[in-house]
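Q: One structure is given below, represented as structure tokens, and several questions about it will come after.
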């Protein structure tokens with residue numbers, strides 16, 4: 001019998017760095033296997049799950065732009081990096097016999113399906129894990145914004161933000177400020193007004209306008225994805 005989850009449908013946002021582990025670059029096989037096991041465990045519950053991965057472990061568009069590259073070109077390279085991460089995660093999930101589909105905003109039919117909203121929803125209804133890659137297909141938009149947009153499009157109940165270096169939202173960087181306070185609950189407007197670096201302001205505003213809650217937690221602790229889906233109080237919950 002499937003375990004009961006708090007949410008019917010969730011979007012899990014993973015930074016590229018979360019897949020790199022301590023090295024901060026590339027794909028750590030141990031980390032991606034752990035993430036895949038956690039996602040597969042959720043997929044067996046009565047919860048539909050879509051995943052969005054960043055590409056910062058391979059390439060950051062902003063870094064390229066800062067070094068003098070054309071911003072559009074640099075961002076498209078970042079989108080391709082997310083596809084590499086998505087395929088790696090898909091492979092790990094399928095090794096666990098978890099039915100998975102990668103949908104990309106930039107068509108590359110030899111390796112993934114093109115993103116079509118109704119197709120994505122149908123895959124979720126069939127209890128397949130859906131991995132969204134290549135951002136929204138346009139430069140200047142982050143994968144945080146992708147997570148917000150896709151969550152709205154597939155009518156997800158919540159965005160789960162798995163972080164690799166922090167276990168929630170703090171008033172300041174806990175690595176720098178020993179007096180930093182961890183929030184258990186925030187509103188979207190608080191997050192924007194206080195300049196808390198949970199996600200970029202475009203994504204934050206979109207979540208606020210569309211009443212999409214966020215749960216920010218550490219991805220590095222085994223079982224946290226399931227705990228979040230079950231409704232356990234972990235990390236920081238951000239609501240309207």
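Quick reminder: no glycine exception, Cβ is built from N, Cα and C everywhere.
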Q: Per Swiss-Prot, which of 70, 75, 157 sits in the UMP site along with 55, 136, 137, 138, 139, 140, 141, 142, 143?
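A: My reading of Swiss-Prot gives 75 as the candidate in that site.
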Q: Out of 55, 56, which of these binding-site residues shows the lowest number of other CB atoms within 10 Å of its CB?
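A: Comparing Cβ neighbour counts within 10 Å for the binding-site residues 55, 56 gives 56.
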Q: Which residues, same chain and not among 55, 75, 136, 137, 138, 139, 140, 141, 142, 143, have a CB within 8 angstroms of the centroid of the CB atoms at the recorded UMP site?
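A: The surrounding set, listed in chain order, is 61, 78, 79, 135, 145, 146.
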Q: How about long-range neighbours of the region 'Involved in allosteric activation by GTP' (21-26): same chain, 6 or more residues beyond its ends, C-beta under 8 Å?
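A: Here the qualifying positions are 57-58, 164.
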Q: Please list residues from the chain of residue 13 (ATP binding site) whose Cβ is under 8 angstroms from its Cβ, counting only those at least six apart in sequence.
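A: In sequence order, 51, 52, 54, 143, 144, 147, 159, 160, 161, 162 meet the Cβ cut-off.
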Q: Hey, what's the Cβ neighbour count for residue 142 (UMP binding site) at 10 Å?
A: 19
